[in-house]
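Right, one structure below, let's go through it.
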Amino acid sequence: MIAWLKQLKASFGASFIWLICLIYFTQGFRSFVWTAVSYQLKDRLQLSPSASQFVSSIAFFPWSIKPLYGILSDCIPIKGRKRIPYLVIATVLSLLPWLVLGLNATLRNSTWHLMIFLTVQNLGSAMADVVVDAMIAEAVRFERASFAGDLQTISWLAMALGGICGSLLGGFALTNLQIDTIFLLFSILPAIQLLSCALVEENSVDSNNSSSSRLVNGNSIQDEDNSLGKKSDIGNLRRKKSQKNRKQKAVVPSESKIPEKVDSLALRLFNSLKAAAYSLCHAFKQPIILRPMTWFFLAHVTVPNLSTVMFYYQTELLNLDASFLGTVRVVGWFSLMLGTFIYNRYLKTMKLRRILMWAHIGLSILTLLDIVLVSRMNVAFGISDKIMVLCGSALADAVNQFKFMPFLILSGKLCPPGIEGTLFALFMSINNLGSTLGSFMGAGLASILNISSGSFDNLLVGIVIQVLCTFIPIAFLFLIPKEATGISA
């Protein structure tokens, strides 16, 4: 392990490896502060479950537009650099909201202000996630392509470690510290991340090459399609001839060249953005890409997410404390790792349609555990509430990984050459948008059933509806390529 880390350090530099690990660790450690946010919405602001889930869904919306950050950083360099300046901006956006919320009780105790600051914070986190993925892709391509898997491995290990530490410490912190203190403590990590950005050097973009090609999350694409390129060549020839004629007739003052340079730069950036958007739309409209992504989107939207409602039920009616819920999240992280191992070891050769079908059947069966918990049938059999919550959460996270792994496999294999990075970010955004809309569906269902804090009479009906909706995506599995497996798509 130590030799492996030394080899990565020698290939990419200690500062680069440190920054990558720090960013991913911070992403995982977010569970530390978001546990406090959940209690702030429930206890301090006294929001209903549906209102709390609505606020959380709005706050996480920036994760649904990740390709926008990738296109901006690829096509619009800041002072000749495309990654570090955007990473600095993202880190500042991640840092300031926690400082403001930690120091200002008025803003922290206002629902609308809290939602705005949480949205800004997620904007910074999502942008940092996209930029660091692009940095990894570029480092692998320009330095050592053989280390691609190693960089991804160390990234996921850092995130998993952050998630475990954040979940463990989050419950302990809520028991012993004030929420404002938790916000301020978490801001230490973005502050260190901001300082670490100064340690990584980035080469300036060559102005001569920037107009011909751009990098999209570490992968080059043409600035313009063939027809645009031909038109621009003809235009360039005409401009050169006209410039020669003007030079022979008169001398142009140097001051007049400045607006021309500004217009040329603006036109070049516009064409670059246009070409990136065109490439994405053209690739995404292909049926082999559109159909599977439609299924994964429907798999989230058609199943209402009642996780916030269950959080209220577990803390108010079952009286489960923050420390135990933190332990549940830790078990969830280990279940994700176990699910990944089982999938890679035993399920890679299975047809994806079959895997996804059984994953949804398994999720519906596991949701029945919530019915047992809410109906209090477990008490009649002498099974404690903690055992039910712990086992249900662990198994659900593992089964969800069986569903997420095919998504990653299809996303990676369906991306056409040249725009893999940004198109993959688009796939992830579709997945995140589906989750957000699923949360809205859950909030709407809770509101219709009049489920509120202290009133969970209709929660059982809501869970039954959730179980029935879990079978809907199975009817649309024809959208998944028939012969696709974990090895070939």
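Positions of Cβ are set from backbone N, Cα and C atoms, glycine also.
Per TrEMBL, the range carrying the annotation transmembrane segment out of 181-199, 295-313 is 295-313. TrEMBL assigns the feature transmembrane segment to residues 422-447, out of the candidate ranges 240-265, 396-421, 422-447. The transmembrane segment (54-72) is not in contact with the transmembrane segment (153-175), judged by fewer than 3 CB-CB distances under 8 Å for residue pairs 6 or more apart in sequence. Listed by sequence, the residues of this chain that lie at least six past the ends of the transmembrane segment (325-343) yet keep a Cβ under 8 A from its Cβ atoms are 31, 35, 160, 163-164, 167-172, 311, 314-315, 389-390, 393-395, 397-402, 405, 486.
The list of residues near the transmembrane segment (422-447) in space but at least 6 beyond its ends in sequence, with Cβ under 8 angstroms from a Cβ of it, reads 48-51, 53-54, 56-57, 60-61, 63-67, 69-71, 74, 130, 133, 216-217, 219, 276, 280, 283-284, 289, 293, 296-309, 407, 411-412, 415-416, 462, 465-466. Counting C-beta pairs under 8 angstroms (sequence separation of 6 or more), the transmembrane segment (153-175) fails to reach the transmembrane segment (459-480), with fewer than 3 such pairs. Between the transmembrane segment (295-313) and the transmembrane segment (12-34) there are fewer than 3 Cβ pairs closer than 8 Å, counting only residues 6 or more apart in sequence, so the two stretches are not in contact.
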